[in-house]
Amino acid sequence: MDSDTWSNEKDREDNLVMVEPVELAPPTVTTEGAQHAHNAIRTEPSYSTIGSSEKHEKEYLQKREDSMEESCTSNTGIPELSTEWEDDSPYPEVRATVPNTDDPTMPTNTFRMWFIGIISTAILSIFNTFFGFRYPSVGIPLILVELLALPIGRFMAQVLPEKQFRIFGQTFTLNPGPFNIKEHALIALMASFGGGAYALDITSTQRVFYNQNWGVLYELCLVISTQFIGYGFAGVCRRYLVWPPSMIWPGNLVTVSFFTSMHEPSGTSSNGKMNRWKFFLIAMACSALYYWFPGYVFQALSIFNWVCWIAPDNFVVNSLFGYTSGFGMSLLTFDWNQITYAIAPLYTPWWAQANAFVAFVLIFWIIAPICYYSNVFYSAYLPVSAVYAFDNTGNEYAAAAIMANGTFNEQMYEEYSPLYMTITFALDYGISFAALTAVLVHAALWHGHDFVRQLRTSLSEEGDVHSRLMAVYREVPDWWYILLGLVSFGLALVTTLVWPTELPVWGLILALIVSLVYLLPTGIILAISNFDITMNVMAELIGGYLLPGKPVANMMFKTFGLMTNQQALGFVADLKLGHYMKIPPRMMFVTQIVATLIAGVLCVLVQDWMFVNVDGLCTATQADNFTCPGIEIFGAASLIYGTIGPARFFATGLYSPLLWCFLIGAVLSLVCYLLAKRYPNSVFKWINIPLALYGAEGMPPASGFNYVSGFLVGTIFMYYIRRYHVEWWSRYNYLLSVALDSGVAISALLIYLIMYLPSTPIVLVGTSLITANWWGNTVSSNNLDAMYASWKTINPGETFGLTSW
């Protein structure tokens with residue numbers, strides 16, 4: 001970029017891109033078609049410069065409030081596009097957060113972006129991988145990177161030389177002008193890949209459970225192939241999940257609101273409202289200070305099972321109202337971390353929250369208690385809810401008792417016990433089975449015609465202003481994605497064939513096909529509702545059936561089937577974020593590839609270093625608590641699915657009735673579709689069966705009060721305030737969400753480092769030492785709920801359940 005281009009960067013930043021999207025003055029320029037995309041790059045007039053500003057504002061806000069009624073008018077969550085919004089998005093959530101302006105000359109491929117982004121990715125990858133092996137674990141929250149990147153970027157803009165260089169015939173400068181919002185977003189995007197690599201669970205489990213160490217080259221091939229192979233599929237999905245304005249991706253709206261608030265001018269806005277960045281800082285500070293109470297000082301505020309405090313020895317009371325192993329009917333929690341555990345209440349659309357909440361109540365507060373107290377599946381001999389399996393004595397299932405030399409032993413299994421699950425865990429599997437067929441039927445019925453139409457649609461033909469603005473930039477060619485997918489597939493083949501993984505080529509291909517089949521249906525649900533549908537159960541089920549007795553092959557099948565889908569959707573979500581932030585698609589592509597590669601390599605190297613240099617790693621007696629709890633859970637699942645196999649407890653075993661849920665899910669989706677078409681103005685237009693099922697399957701480990709508290713907050717903000725106080729909601733709602741999350745994340749990190757990491761967790765207050773051991777932190781655990789009690793009991797030496805298996 002030459003000097004003339006960037007010399008007025010500050011003026012553009014102040015007057016164009018940082019315009020507050022929530023003011024939403026009446027459009028003054030009409031944009032028609034991609035050929036007029038540049039006409040949409042404008043500055044909206046503020047109310048202070050418009051005659052009769054108060055009247056204009058009230059009329060415009062009333063118009064926007066009326067448009068709220070048009071949003072999400074069917075169970076697809078997708079309203080019809082309105083020609084009234086040619087200069088903005090037809091969706092009120094997007095209009096409230098995403099600026100309908102752009103500056104294509106704003107630099108993105110800058111030295112400081114790459115420098116801060118790569119350093120941030122490396123630090124987060126190393127730190128989060130290292131402490132991920134520890135219990136309790138801790139990670140550097142992404143919000144810290146996002147907050148620190150702004151002053152660092154502005155500092156570099158002040159001190160770096162502005163001299164221009166010529167490299168390979170291209171002009172380059174270390175300092176192209178003021179640090180801008182697009183650079184900031186790209187840095188955060190790169191840092192977000194520093195959370196770790198899923199495939200590390202395979203290599204760690206191989207070392208801990210099977211004593212297999214196949215070297216760093218195997219680990220690199222496995223991690224890189226699983227991280228990248230989904231990116232090839234993402235290119236196919238752009239025209240379905242990124243370009244259409246109906247794919248709003250609610251989670252991205254929070255991110256956009258955060259960045260636009262950070263880069264808007266300081267001070268109070270002209271209409272007297274609090275500056276959004278100041279609002280964010282105040283809300284984040286309050287959240288951070290408050291979290292010390294439920295997070296450390298008074299933890300009963302978090303696990304607020306108050307009914308169990310009154311009757312700690314009454315099993316019925318504890319089973320119904322308990323949080324740890326009960327149904328969680330205590331209703332409330334005062335911990336934001338718990339409120340958002342099952343539902344993201346401040347940005348998930350209210351209709352989606354309602355679907356999930358109603359399904360949860362029907363399944364886990366009506367059906368589950370009936371089944372439990374009727375002793376269905378012998379569940380009354382177990383706790384109501386737990387995330388692990390049990391044997392026929394009521395103890396946790398010991399996978400080692402059925403293994404000989406790392407393989408399944410039939411005789412040992414027959415001498416030990418069949419596998420039993422709590423009633424909530426069993427119903428959770430049933431929900432997953434039903435949702436897997438429901439999402440396919442739902443997608444075919446509601447979106448089948450859209451798939452065909454979008455196949456022939458280009459970005460410039462999309463209806464909203466954001467697509468027209470993005471048409472200015474060069475798109476990533478399809479062959480880039482195809483080449484990336486083929487190279488990753490080749491690397492996956494090398495991984496499975498060179499090393500003794502026991503995963504056949506057809507198994508790898510099948511895992512990828514299953515992931516691809518579900519990619520668009522699950523992506524649509526995520527894009528319109530913010531509920532993430534994972535392929536975890538499907539991958540475990542198919543792998544367990546087809547590859548019995550091969551735990552490593554099962555882990556790899558699950559990883560390729562699951563992570564291909566997850567990585568593709570993650571890539572697509574980032575592309576939509578770039579779409580909203582008006583970042584050139586090719587820059588989005590390159591930064592994601594670079595960040596993924598850096599994070600994957602560093603995660604592997606850190607893991608290898610730890611297994612060599614940390615004594616007793618992943619053992620219960622490790623001196624510094626590097627006990628690897630996540631690896632223990634992942635390894636136990638590999639033993640159960642890869643050794644016992646789902647055929648023994650689903651096909652012909654105790655839990656075989658749950659397979660009917662596959663049919664139930666498909667039928668429910670079909671029936672609701674027919675009813676919605678027959679009665680278009682009835683409640684059926686709001687029912688989304690796959691979303692309801694997936695939204696409800698969080699228990700366990702979630703509990704009832706996670707859903708109740710989340711839905712209550714969601715009803716207040718996403719229904720009442722959004723409907724009756726639209727101006728406040730448009731300006732602050734999404735920002736409040738990220739502020740509360742940020743405060744909790746920062747406080748949680750400080751509590752861990754200050755209070756839990758030292759050997760003696762204390763805090764000095766004046767001359768007194770306050771420890772965490774008092775009634776407010778112990779009352780929630782002094783009851784039958786915390787003890788995982790069961791309704792029916794057996795005497796020592798006795799067993800319950802099946803007599804043959």
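For all residues, glycine too, the Cβ spot is worked out from N, Cα and C.
Summarising the annotation, TrEMBL assigns region 'Disordered' to 27-103.
The compositional bias 'Basic and acidic residues' feature in TrEMBL is assigned to 53-66.
The feature transmembrane segment is assigned by TrEMBL to 113-133 (among others). Same-chain neighbours of the transmembrane segment (113-133): 139-140, 142, 145, 149, 152-153, 156, 183, 186-187, 189-191, 193-196, 200, 591, 594-595, 598-599, 602-603, 606-607, 610, 614, 617-618, 626-628, 630-631, counting only residues six or more beyond its ends whose CB sits under 8 Å from a CB of the stretch.
According to TrEMBL, the transmembrane segment annotation covers 139-157 (among others). Sequence-distant contacts of the transmembrane segment (139-157) (same chain, six or more residues past either end, CB-CB distance under 8 Å): 112-113, 115-116, 120, 123-124, 127-128, 131-132, 175, 177-179, 183-184, 187-188, 191-192, 194-195, 258-259, 262-263, 738, 741-742, 745-746, 748-749.
Per TrEMBL, the feature transmembrane segment maps to 216-234 (among others). Among residues of the same chain six or more beyond the transmembrane segment (216-234), those with a C-beta under 8 A of the stretch's C-beta atoms are 197-200, 202-203, 481-482, 484-489, 491-492, 494-495, 498-499, 512, 515-516, 519, 556, 559-560, 563-572, 575, 592-593, 596-597, 599-601, 603-605, 607-608.
The transmembrane segment annotation in TrEMBL covers 279-303 (among others).
Among the features that TrEMBL reports, transmembrane segment is placed at 315-334 (among others).
Nonlocal intrachain contacts for the transmembrane segment (354-375), taken as residues 6+ away from its ends with a CB within less than 8 angstroms of a stretch CB, comprise 319-320, 327, 329, 342-343, 381, 384, 423-424, 427, 431, 529, 531, 686-688, 691-696, 698-699, 704, 707-708, 711, 791-792. Taken from TrEMBL, the feature transmembrane segment covers 354-375 (among others).
Look at TrEMBL and you will find 419-446 (among others) tagged as transmembrane segment.
With a cut-off of 8 Å between Cβ atoms, the residues of this chain six or more beyond the transmembrane segment (479-499) that come close are 214, 218, 221-222, 224-226, 228-229, 231-236, 505, 507-508, 512, 556, 560, 589, 593. Feature annotation from TrEMBL assigns transmembrane segment to 479-499 (among others).
Under 8 Å from some Cβ of the transmembrane segment (505-528) lie the Cβ atoms of residues 76-78, 229-230, 233, 236-237, 240-241, 246-249, 349, 352, 436, 439-440, 442-443, 447, 451, 489, 492-493, 496-497, 535, 538-539, 542-543, 546-547, 553, 556-558, 560-562, 564-565, 568-569, 572-573, 576, 688, 690-691, 694, all in the same chain and six or more residues away from its ends. Residues or ranges marked as transmembrane segment in TrEMBL: 505-528 (among others).
Here the transmembrane segment (589-611) has Cβ contacts under 8 Å with residues 117-118, 121-122, 124-126, 129-130, 133, 186, 189-197, 200, 203-204, 207, 213, 216, 219-220, 223-224, 227-228, 231, 476, 480, 484, 571, 574, 617, 626 of the same chain, all six or more residues outside its ends. Residues or ranges marked as transmembrane segment by TrEMBL: 589-611 (among others).
The transmembrane segment feature in TrEMBL is assigned to 631-651 (among others).
Sequence-remote contacts of a segment are chain residues at least 6 beyond its ends whose Cβ falls under 8 Å from one of its Cβ atoms, and for the transmembrane segment (733-755) they are 96-97, 136, 138-141, 143-144, 147, 253-258, 261, 276, 279-281, 283-292, 295-296, 336-337, 340, 344, 346-347, 717-718, 721-722, 761-763, 772. Taken from TrEMBL, the feature transmembrane segment applies to 733-755 (among others).
Sequence-distant neighbours of the transmembrane segment (631-651) (same chain, 6+ residues past either end, Cβ-Cβ under 8 Å): 133, 201, 204-205, 208-209, 387-389, 397, 399, 402-403, 407-408, 413, 418-419, 540-541, 543-545, 547-555, 558, 618, 658-659, 805.
Residues 294, 301-308, 364-365, 368-369, 372, 383-386, 424, 699, 703-709, 780-781, 783-789, 791 of the same chain lie 6+ residues outside the transmembrane segment (315-334) yet bring a C-beta within less than 8 angstroms of a C-beta in it.
Tertiary proximity for the transmembrane segment (279-303) is limited to same-chain residues at least six positions away from its ends with a CB under 8 Å from its CB atoms, namely 258, 261-262, 309, 323-324, 333-338, 732, 735-736, 738-744, 746-748, 751, 755, 770, 772, 776-777, 779-781.
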